[in-house]
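Student: Take this structure, written in C-alpha cells, and hold onto it; I'll ask about it next.
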Amino acid sequence: MAAGVLDSGGDVSAAAYGGELTLSVLVTCVVAASGGLIFGYDIGISGGVSQMKPFLAAFFPKVLRRMADAKRDQYCVFDSHALTAFTSSLYVAGLVASLAAGHVTRSLGRRGVMLMGGALFFAGGAMTGGAVNVAMLIVGRMLLGFGVGFTNQATPLYLAEMAPPRWRGSLTVGFQFFLSLGILIANLTNYGTARVPWGWRLSLGLAGAPAVFIIIGAFFLTDTPSSFVMRGKVDRARAALLRVRGHRADVDAELKAIVHAVEASRSRDDGAFRRLVSGREYRPHLTFALVLPLCHQLSGMMVLTFFSPLVFRVAGFGSNAALMGAVILAAVKFASLILSTLVIDRYGRKVLVIAGAALMIVCQVANAWIMGAHAGKRGEVAMPRAYSMALLVLTCVQGAGFGMSWAPLIWVIPGEIFPVEIRSAGQAVSVSVTLGLTFLQTQTFLALLCRLKYATFAYYAGWVAAMTAFVVVFMPETKGVPLESMGAVWAGHWYWRRFVGDGKSEH
C-alpha cells in the first residue's frame, strides 16, 4: 500500500470514526467554500464585458468595427488575440501561482493560503475596475489569477480534510456551489450594467467585493487537523477535530490515523512532487491529476461559460438577449449543481459522470446540426426564432449535464484521492493542469470557433465521449471512503492494483 495510507485491514466504512455533521463543520466549510464565489465571478464576468460596446470602444476598437461589418464572417467577429488575452491572462497567472501553492500550503497551512488568495482577489478587482489601458486590465486580471491559483489549491484540500467521510462529497461540492453562484451573479451583474456607459467598470470592480468575506471569514476558521499534524501541532489538531466532529466522535482514533499517515509520509520525505511523478505506487494518482482536468476542460463547457454571450450573438441573439441567455445558462448550471450535491454521496461519482456525459453529447451534436443547417456556413443567415430558442434550450440542458458531473467532480475527486504525503503536490498538479488548459482554451477558443464554425460543438462532443469512457473504466468509486483508507480502493481496483499494494501484482 502507498505510504501514508492507514492500514485499516480493508475497512473503508464511511462511519469509521463516527463523526457527525455538526454546525461547526457546516459553518467552517461554508466560509472556506466561499472562495469559489470569487473564482466564479471572475469566470462569468469577462464574457459579458467583452461584448459591451463602451468597453470595446475603450480598449478593443477593432472588434467593435468588425461587429458593424455586415459582410464579416459572424463566427470570426470576436477572433482577437488581445481580447482573449484579457480573459486568459487570469489563468496563466493562476498556473504560475498554483505551481508554488503546494509548498506554501504545507508551510502556512490551508487557512493561511486562503487569506493570501483573498487579498490578491481584492487587489485585482480594484485594478481592473479602475483600468485606463489594456496593460492595467491584464495586470489586474493576473492579480486575480494569482488569487485563483492559491485558493483553488487550498480550498478543496481544506474541505476534503475537514468534512466527515460520509458527507465529504456534498461538502466538497460546496466550492463548486459557490463557483456556480459566482458565475450566475456575474452574468446578472453584466445584464444590469450593460445599459450604463461605465457599467463595465462596475462589473469588473465588483470582483473584489466577495474577497472581503473570505478574508474576514478565514480569521475565524481553524486550520485542518492534517495541516496541524504536518506542522507538528498535534494538540491543536485534536482540538480542531473536537470542534468539527463533536464530542461523540472517536476523535482519538481519527487523530491516530492522521498522525500515522503523516509519519509514514515523513519517513519518505524525498520531495512530494518527485515521488508523485516518479513513484510507481503513485501512478494512478498522477494519472487522474492529469486526466480529470482534461475531462473538465475538453467538455467545452468552460469556454462556453466564458464566452456564452459571444456565442449567443453569433447564433442571432441581440446584445441584451445574449446577456440574458448567459444568465439563464448560469442559473441552470447552478440548479443542476444543487441536484448533484444532494445525490453525490448517495449514488456516487461515476453515476454522475455517465448521466452528465450523455446529456452533453446529445446536446452538443444537436447544436452543431442546428447552427450548420440554419445559420449558414459563415453564420450570415438569420436563424429562425424557433431554432434560436432550441439552441438556447439545448445549451442549457448541456450546462445541466456539466453542472451535475464534471463541474463538481473536478474539485471533489482530486481532494480525496491523494494520500497525505503527496496531497498538496497532487492538488497543485491538478490545479496547475486545470488552469494551464483553461489558459489554452480561452486563448484559442474564438480562433477555433472562427475556423471550425458550427463543427466546434461536435468537436467537443467527441472529447466528452472519449474521456467519459476512460473514467468509467479506470476510475474507482470513492463514495464514503475515509481519506486515510483510500489506498485500499486503489489496491482493490482491477488495473491500478498492479501499481499500488505490495508491488508484486501481475504486470
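Keep in mind that glycine also has a Cβ here, set from the backbone N, Cα and C atoms.
Here's the feature list from TrEMBL:
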DOMAIN    28-479  domain 'Major facilitator superfamily (MFS) profile'
TRANSMEM  21-41  transmembrane segment
TRANSMEM  82-101  transmembrane segment
TRANSMEM  113-132  transmembrane segment
TRANSMEM  171-192  transmembrane segment
TRANSMEM  198-221  transmembrane segment
TRANSMEM  286-310  transmembrane segment
TRANSMEM  322-344  transmembrane segment
TRANSMEM  351-370  transmembrane segment
TRANSMEM  390-413  transmembrane segment
TRANSMEM  425-445  transmembrane segment
TRANSMEM  457-476  transmembrane segment
Student: Could you tell me whether the transmembrane segment (425-445) and the transmembrane segment (82-101) have 3+ CB pairs under 8 A, leaving out pairs under 6 positions apart?
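Tutor: Answer yes: the transmembrane segment (82-101) meets the transmembrane segment (425-445) with 3 or more Cβ pairs below 8 Å.
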Student: Mind pulling out the one from 21-41, 198-221, 322-344, 351-370, 425-445 with the most Cβ pairs under 8 angstroms to the transmembrane segment (171-192)?
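Tutor: It is 21-41, which has the most Cβ pairs under 8 Å.
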Student: Which range wins on Cβ pairs under 8 Å with the transmembrane segment (390-413): 21-41, 286-310, 351-370, 425-445, 457-476?
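Tutor: The listed stretch sharing the most Cβ pairs with the transmembrane segment (390-413) is 351-370.
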Student: Six or more residues out from either end of the transmembrane segment (286-310), which same-chain residues have a Cβ under 8 Å from its Cβ atoms?
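Tutor: Residues 43-44, 46-48, 50-51, 78, 87, 183, 190, 276-277, 322-323, 325-326, 329-330, 333, 360, 364, 395, 398-399, 402, 406-407, 409-410, 413-414, 417-418, 426, 429-430, 433-434, 437-438, 441-442, 445-446, 456-457, 459-461, 463-464, 467-468, 470-471, 474-475 contact the transmembrane segment (286-310) from elsewhere in the chain.
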Student: For the transmembrane segment (21-41), name the stretch out of 198-221, 351-370, 425-445, 457-476 with the most CB-CB pairs under 8 Å.
Tutor: 198-221
